[in-house]
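Have a look at the structure below before the remarks.
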Amino acid sequence: MALALTPDYQNLSETFSVLTMSVGLAEGRRMRRRRGVCEYGTYQHEGKTCCLCPSGYRVISDCKDNIATQCEICQPGFFATHPNNDQTCRRCRDCDPERTKMEKQDSCSRDSDTVCRCQENYFCDKGHLCRTCQPCDTCVEKGGVKIPCTFTNNTVCHGVEESKGVDLNPYLQEISSILTQKYMIGVARCTGMTEADIEQHELNHPKDAKEQTYRLLVDWSQSQGLNEAYPTLIQKLLELKAKRIADQIIEIVQREPVKTMYSVK
């Protein structure tokens with residue numbers, strides 16, 4: 001389905017009209033012709049003020065003289081969460097249960113992405129940044145279970161309360177300068193980050209590989225969490241046969257005493 005959004009340049013009034021495909025009664029009422037300001041906001045294109053497409057749609061043609069912004073509904077398997085002037089909808093997330101140990105909680109719709117959660121006996125404590133789930137600790141050799149595992153928190157065992165962690169945030173800018181885009185993408189892929197998330201950084205920063213690498217590293221580090229980001233980065237670089245880069249990152253982090261956390265009950 002496509003619709004035309006036309007601002008009147010005197011008063012920014014808007015006309016909705018369905019161009020292709022028949023729609024149900026509720027959808028037809030929503031898209032019927034009416035007057036008013038651009039309901040979803042405006043954007044500038046070649047000196048013209050154009051209406052944004054609503055969530056769940058993408059731009060197929062920007063507005064021109066006497067020609068409306070042409071919007072098309074996102075196809076099944078794609079979505080757009082906000083009013084936009086994007087020419088592509090984003091691909092819906094695949095929970096990929098075999099690889100990530102996640103399962104579908106809410107299905108993707110044209111204006112919202114798939115929501116995934118951990119499978120039973122697996123957890124992830126990284127919120128919306130979660131891309132893979134880890135097996136819950138059984139506490140067999142740690143004094144037994146104190147607090148049971150949930151989808152979002154590991155089991156708390158009698159004994160060790162917290163484990164060692166390294167905060168990479170102070171080093172991310174410097175690390176990204178030596179971590180080539182090739183290896184950053186390789187690390188992201190083999191730790192469960194989706195192709196859609198990786199590609200989004202390329203779309204956000206076109207023709208700027210350094211910025212793409214930095215932004216991807218920031219998101220990846222947050223998704224891994226304090227305890228896992230540093231050792232996982234080094235481990236995956238070694239698996240990718242990038243020992244020189246791994247050694248350089250170790251040197252960067254070890255210039256100052258490594259920040260760790262210990263708490264043994």
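Cβ coordinates are placed from backbone N, Cα and C, and glycine is handled just like the others.
According to TrEMBL, Cys118 forms a disulfide bond with Cys133, chosen from Cys133, Cys136, Cys139. Among Cys63, Cys89, Cys92, the one TrEMBL lists as the disulfide partner of Cys74 is Cys89. In TrEMBL, the cysteine linked to Cys139 by a disulfide bond, out of Cys124, Cys130, Cys149, Cys157, is Cys157. Distance between Cα atoms for Cys136 (disulfide bond) and Cys118 (disulfide bond): 11 Å, as a whole number. Of all Cβ atoms in the shown protein chains, 21 besides its own fall within 10 Å of the Cβ of Cys149 (disulfide bond). The Cβ of Cys118 (disulfide bond) lies under 8 Å from the Cβ of Lys101, Met102, Glu103, Cys124, Cys130, Cys133, Phe151, Thr152, each of which sits 6+ residues away along the same chain. Neighbour counts of Cβ atoms within 10 Å were compared for the disulfide-bonded residues Cys89, Cys133, Cys136, Cys139, Cys157, and the top value is held by Cys133.
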